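**Student:** Here you go, one structure.
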Amino acid sequence: MFCCVRKSHCFIFTNTMNVTTLYVSEWVMHAGVKVRVYCPLGQANKGKYALSMAVKALDLFAEYFSMPYPLPKLDMVAVPEFAAGAMENYGLIIYRENDLLYDDLQSTAARKQRMTIVVMHEVAHHWFGNLVTMEWWTHLWLNEGFATWISYMATDGLFPEWKIWTQFLQQTTGGLRVDSLEGSHPIEVEVHQARSVNEIFDAISYKKGSAVIRMLQGYLGDDILQKALSSYMEKYAWKNAKTEDLWSVLSAESGIQVNKMMDSWTKQKGYPVISVKSQDHFLEFEQSQFLSSGLHGEGKWIVPITLFLGSYNRRKNFLLESKFEKVDLSELFSSSDGYSGSFNEANEEKCSELVWVKVNVEQSGFYRVKYEDKLAAQLRKAVEKNCLLATDKFG
């Protein structure tokens, strides 16, 4: 694939506050798309990393959504004192300077990771938000929740050594903290006037929104979700869509009533704590609303439960659709792979004697888990023997 890089001439930019900045640009012609990054004079080299990430993002999302980037150019501009972190205008993304400029010698590793996620987020909006646009502000989370989730997925694909899904838990826990308050609100809030939308540009739309998509990904699997999102893009390209439209496509692709399950997460506030007890080969599950105040909540959810039994090879997924449910694990006990199956073969022998249960695999679900004392003690031993991934240790 042919690529070329050139540096353009300087130009003058004056914003609405009459602050004049002299800019220089770096640009790449990639697959017929001119990708440019505009930086303040003397800082052109600091735009090269963001430029390279934008080019990779275009390839990644075009493949993931089976839909090429539809415009002839993509510009990214570093603006001083920009109120938002970044803004995904179609073909012209505006960034705060510290979210676009990167110095190989002086910028921190944290800055590099932050910039990668931000660039992926804003470029992803050219599919989720611009190519397919929410029907109305009530569905804001279709833009922000999805762009947040897929920015981490894209970053993980480019830099698996960063283990970025572990850091994604900051999004999940931020959403859990806010959504445990009595004054929280549903992901989908009826917006009657556009000027009211600022009230829902918050942790619920971004953090909880992205976390429930991560939960759906963990339950349905990567392949089904990717195929469904490609179908969604093809069906609604250059159109408006609402949450129910996405659930309809996901239901058709997965054979699961996704709309029924996910409505309980997007149309009501809060989330459950799942209490788990063991009895022979059975696990007993009970859900109740978690409130940080300790008060009793009336919420009830259709919860996509994922769990491991003593091994990352022994997994079970099911939907907790009622307040109480008893689940038979006999099929997992009778598996022929033994109790090893830890993520690290070196740990196989010392983990094989343990019979532990970890609910909420890799903390992909937007709920808390409360284990009875016996299960908690077994899980603690698994943590001490390093049988769990970092995300599950955190959980």
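Residue 1 is the first one shown; counting continues down the chain.
Cβ atoms are placed via backbone N, Cα and C, with glycine included.
Feature list, courtesy of TrEMBL:
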type     : residues               : note
DOMAIN   : 49-265                 : domain 'Peptidase M1 membrane alanine aminopeptidase'
BINDING  : HIS121, HIS125, GLU144 : Zn(2+) binding site
ACT_SITE : GLU122                 : active site, proton acceptor
SITE     : TYR206                 : site 'Transition state stabilizer'
**Student:** Let me make sure I understand the structure: which of the recorded positions listed (GLU122, GLU144) has the fewest other Cβ atoms within 10 A of its Cβ?
**Tutor:** GLU144
**Student:** Centre the Cβ atoms of HIS121, HIS125, GLU144, go out 8 Å, and tell me which other residues of that chain have a Cβ in range of the Zn(2+) site.
**Tutor:** GLU88, GLU122, ALA124, PHE128, GLY129, ASN143, PHE146, ALA147, THR148, SER151
**Student:** Could you round the CA separation between HIS121 (Zn(2+) binding site) and TYR206 (site 'Transition state stabilizer') to a whole angstrom and send it over?
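**Tutor:** Distance (Cα to Cα, whole Å): 11 Å.
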**Student:** Between the binding-site residues HIS121, HIS125, whose Cβ has more other Cβ atoms within 10 Å than any of the rest?
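**Tutor:** Counting Cβ neighbours within 10 Å, the top one is HIS121.
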**Student:** Just checking the recorded positions GLU122, HIS125, GLU144: which sit within 10 A of TYR206 (site 'Transition state stabilizer'), CA to CA?
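**Tutor:** Neighbours among recorded positions, in sequence order: GLU144.
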**Student:** Report, in whole Å, the straight Cα-to-Cα distance of GLU144 (Zn(2+) binding site) from the residue listed as 'active site, proton acceptor'.
**Tutor:** 10
**Student:** Among all the protein chains here, how many other CB atoms are within 10 A of the CB of TYR206 (site 'Transition state stabilizer')?
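**Tutor:** There are 23 such Cβ atoms around TYR206 (site 'Transition state stabilizer').
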